[in-house]
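Listed in TrEMBL for this protein:
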{"type": "DOMAIN", "residues": "5-32", "note": "domain 'C2H2-type'"}
{"type": "DOMAIN", "residues": "33-60", "note": "domain 'C2H2-type'"}
{"type": "DOMAIN", "residues": "61-88", "note": "domain 'C2H2-type'"}
{"type": "DOMAIN", "residues": "89-111", "note": "domain 'C2H2-type'"}
Amino acid sequence: GERPFVCNECGKAFKNRRGLAQHRHVHSRTRPFICSECGRTFSRSRLLISHWRIHTGEQPYVCTECGKSFIAKYQLTRHRRVHSGEKPYPCGLCYKSFGDSSNRKQHLQRH
């Protein structure tokens, strides 16, 4: 789907303004959510919850295509693109598109 709202810090794209607004907290300096196990801090509670699964080993998000499991929903969403071939992150400077925003970011640095 179309993702016209793009973060000017990292290039991640979103379907709506709300998604972009929530994402911007990732780049803020405030990180009030603290892991009691290792002390790592997070800008949002759901990021702490996903992180906590590293310590517990829980991987509740399972790919129905291949059975691979993940600790966070976004990881499963990104993984599903391997099966679907979806590449929602276009370069903008050339014809290439990418299944992951970090791959597009690396590509843009090479232009």
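Each residue, glycine too, has its Cβ placed from N, Cα and C.
Note that TrEMBL annotation is computational and uncurated.
Owing to the predicted nature of the structure, the values given are computational and were not obtained by experimental measurement.
Per-residue pLDDT, averaged across the domain 'C2H2-type' (5-32), gives 88. Assigned with DSSP, the residues of the domain 'C2H2-type' (5-32) fall into helix, strand and coil as follows: 11 helix, 4 strand, 13 coil. Under DSSP, the residues of the domain 'C2H2-type' (61-88) split into helix, strand and coil as follows: 12 helix, 4 strand, 12 coil.
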